Amino acid sequence: MIEVDRIVSANAKVDDEYIDRAIRPKLLSDYIGQPQVREQMEIFIQAAKLRQDALDHLLIFGPPGLGKTTLANIVANEMGVNIRTTSGPVLEKAGDLAAMLTNLEPHDVLFIDEIHRLSPAIEEVLYPAMEDYQLDIMIGEGPAARSIKLDLPPFTLIGATTRAGSLTSPLRDRFGIVQRLEFYSVEDLASIVTRSAVCLQLEIDVEAGQEIACRSRGTPRIANRLLRRVRDYADVKNGGKITALIAQEALKMLDVDLAGFDFMDRKLLQAIIERFDGGPVGLDNLAAAIGEERDTIEDVLEPYLIQQGFLQRTPRGRIATSRTYRHFGLEQIEK
């Protein structure tokens, strides 16, 4: 799938992880953006610490790349506890989860990424653990099998997902705190770029940070990835100093335009305008026109274009909006 190689992909890449850990904020005071989430979490964490309780179980959802893992680690740091990290697909057996739960210290955080991908068997183990801090374990097999209950220390489960609607109701209802992360403003992304540059000991102009931020599709992960590639360009072309001009040249080389579109985004929108008179066009015809799979268009290309108002899905097919025509400097066809 093309998403693997796109520099504007919000999904994590292997080379993102090491750098992201180095520049990730550790405390809420360093956390940029999401003001409502930050304000609420400050209150919830302070209240839990005053009562000397574990924080309520927390569900964090939103599009990829917005900082769900970062927020989970911040919660653990603010609470002064350890965090154990795993993901839904990794937990294949009930024993895997039981081993993690029984090794938790009081008030520790268990972070499960992609929690919507937990198997039903794992969810069944989680229910009493979340609600009563108890673990039901089956000992033996066949007629001799019996269930025993183990008491667990109070802990906080933090679940992260890009698909909150895929969670079962019983699991979703057991989270006392639910936070949705929204796309970031250009101003907040510029602040994130500046902070990341300081962490990486880079010399960057304010205007250069803005150039990167406005192309980052509202997503810190993309902003930090673009910053690293612009740094490479600046190291070669300008002795490491990132000016607005250097940032513009680097981003042009990377083929990322002012809207954060890459070649594939533009190919899709231009096909609708040039080959189908702006639409409506069916998904199969569009896939054939640009040489991509239906799933790639629906799951990878379209979400950002729709969210930003460049594309509409209608019962008759896909339509390019007036904003798309303006972006390409074209006059919209009257129908």
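Cβ from N, Cα, C; glycine included.
What Swiss-Prot records for 4-184 is region 'Large ATPase domain (RuvB-L)'. Marked as ATP binding site by Swiss-Prot: Ile23, Arg24, Gly65, Lys68, Thr69, Thr70, Glu131, Asp132, Tyr133, Arg174, Tyr184, Arg221. Annotation source Swiss-Prot lists Mg(2+) binding site at Thr69. According to Swiss-Prot, the region 'Small ATPAse domain (RuvB-S)' annotation covers 185-255. Taken from Swiss-Prot, the feature region 'Head domain (RuvB-H)' covers 258-335, and the record attributes it to sequence analysis. What Swiss-Prot lists as DNA binding site is Arg294, Arg313, Arg318.
Around Arg313 (DNA binding site), the same-chain residues six or more apart in sequence whose CB sits under 8 Å from its CB are Glu302, Ile306, listed in sequence order. A mean pLDDT of 90 is what the model gives for the region 'Large ATPase domain (RuvB-L)' (4-184). Burial estimate for the binding-site residues (Arg294, Arg318): highest at Arg318, by number of other CB atoms within 10 Å. The binding-site residues considered are Gly65, Thr69, Tyr133, Tyr184; of these, Tyr133 has the fewest other C-beta atoms within 10 angstroms of its C-beta. Between the C-alpha atoms of Tyr184 (ATP binding site) and Arg294 (DNA binding site), the distance comes to 29 Å.
Taking DSSP states H, G and I as helix and E and B as strand, the region 'Head domain (RuvB-H)' (258-335) has 42 helix, 9 strand, 27 coil. Each of the binding-site residues Ile23, Glu131 was scored by how many other Cβ atoms lie within 10 Å of its Cβ, and the smallest score goes to Glu131. Taking every pair among Arg294, Arg313, Arg318, the residues listed as contacting DNA, the largest Cα to Cα separation comes to 14 Å. The DNA site is defined by Arg294, Arg313, Arg318, and by the 8 Å test on Cβ atoms against their centroid, the other residues of the chain that qualify are Gly282, Leu283, Leu286, Ile297, Glu298, Glu302, Gly317. Glu131 (ATP binding site) sits 42 Å from Arg294 (DNA binding site), taking the Cα positions as reference. When the C-alpha distances from Arg294 (DNA binding site) to the binding-site residues Ile23, Gly65, Thr69, Tyr133 are tabulated, the minimum falls on Gly65. Comment: ATP site residues Ile23, Arg24, Gly65, Lys68, Thr69, Thr70, Glu131, Asp132, Tyr133, Arg174, Tyr184, Arg221; largest CA to CA distance 37 Å, whole number. Ile23 (ATP binding site) sits 39 Å from Arg318 (DNA binding site), taking the Cα positions as reference.
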